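Heads up: the structure comes next, in structure tokens.
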Amino acid sequence: MANLWKKQRLRDTGLCRLGILFAVTLSIVLMLVSVPRTALNGSSIDDDLDGLDKDLEAKLNASLLSVARGNRMSLRLHRRNHFSPRNTDLFPDLAKDRVVIVLYVHNRAQYFRVTVESLSKVKGISETLLIVSHDGYFEEMNRIVESIKFCQVKQIFSPYSPHIYRTSFPGVTLNDCKNKGDEAKGHCEGNPDQYGNHRSPKIVSLKHHWWWMMNTVWDGLEETKGHEGHILFIEEDHFLFPNAYRNIQTLTRLKPAKCPDCFAANLAPSDVKSRGEGLESLVAERMGNVGYSFNRSVWENIHQKAREFCFFDDYNWDITMWATVFPSFGSPVYTLRGPRTSAVHFGKCGLHQGRGDEGDCIDNGVVNIEVKETDKVVNIKEGWGVRVYKHQAGYKAGFEGWGGWGDDRDRHLCLDFATMYRYSSSSASP
């Protein structure tokens, strides 16, 4: 009886060990299967960084090449920017009259999800290419993009974002001047802005990212560098109505006849709090920063003002455009829009309000935007006239800027972005 009990005990112990071994093996297999594609991509990218470095030598000027070589993540992002769009198997053909959509994002995932959800309901979105431009690399933002299945989508990542440079420029360096008057004491690097304040990488990244994105989309990507038509620009806290894409197509088609002097077409009024007039008339007004679109000829006009853009002491790209670039065109810069908005700015937390810092803005991203039946169909008619708004309030020539953009290093990096796709590596910063 004792022997029988002993055999049973040994058999149970063996089964228990076998069960533990099976569980451990299964856990390892599941862990390997669940490794994010981005991690695998990173591994494959690292395998060929030397080849990428040689490739960059032929494409970047010496200044940008020096910055990129100092950061392994920067090199990896350069490589990722050449990846083909996703979902080409689901949407193999793009419409010839497409308006490419570019989505400028940072790290506000709670907003980004809302914007992506609204895009998924936009009629005609499957006919075009969506480009998501990231300010550096944030895994949660990357996962949201990888979940998109409603159109072709391409990701680009700013490889010069201060967020990926922890101890060197464009991030924070140990030798940076930090407080007012530090530069007078010597032994620190950096120029103050017009108010005596030194650069904040988190702040300057807003303008750097926008300018890098514009130059990359118009001049650097295979998918868009030959695109002559309009490109629509939106941000991670913009809610698009279902009729947004069809409306912007209509506006860009009508613009040459209805408003030949208009530089752009907008989905929303320049006053972000307005939902529009609701009148039966098109509107020509100052260009807004919600759902704005323009074509390559306008981009060329903007690009010619790179020095004005890069040397204006304001960290906001839009205020820089209103106060110095647009006035330099020599005529009022009007945009054409409908009488009812097709896009809404819903964010409460600004891009300059980060996480983990004093004064952070907390918002769970829950929005309640009413979408009416008229917001689901094209609500712009070709027979309408155009109401022109002149002498609107807002930033104009003569405004000297809010500062935050006084460091010569930022200004010259900005100028380098303007030449990175137009000159060889022998070109130096202007």
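Glycine residues also receive a Cβ, built from the backbone N, Cα and C atoms like all the rest.
Binding of substrate is annotated in Swiss-Prot for Tyr104, Val105, His106, Asn107, Arg108, Ser205, Leu206, Lys207, His208, His209; the matching candidate from Asp89, Asp135, Asp182 at the same site is Asp135.
Of the candidate recorded positions, Cys177, Cys259, Asn295, the one lying closest to Tyr104 (substrate binding site) when CA atoms are compared is Asn295. Looking only at the topological domain 'Lumenal' (36-430), the predicted model's pLDDT averages out at 89. DSSP gives Ser205 (substrate binding site) a helix state. Within 10 Å of Cys414 (disulfide bond), judged by CA to CA distance, lie the following recorded positions from the set His106, Arg108, Lys207, Cys259, Cys262: Lys207. His209 (substrate binding site) and Cys310 (disulfide bond) have their C-alpha atoms 12 Å apart, to the nearest angstrom. Distance noted between the C-alpha atoms of Arg108 (substrate binding site) and Asp237 (Mn(2+) binding site) is 8 Å.
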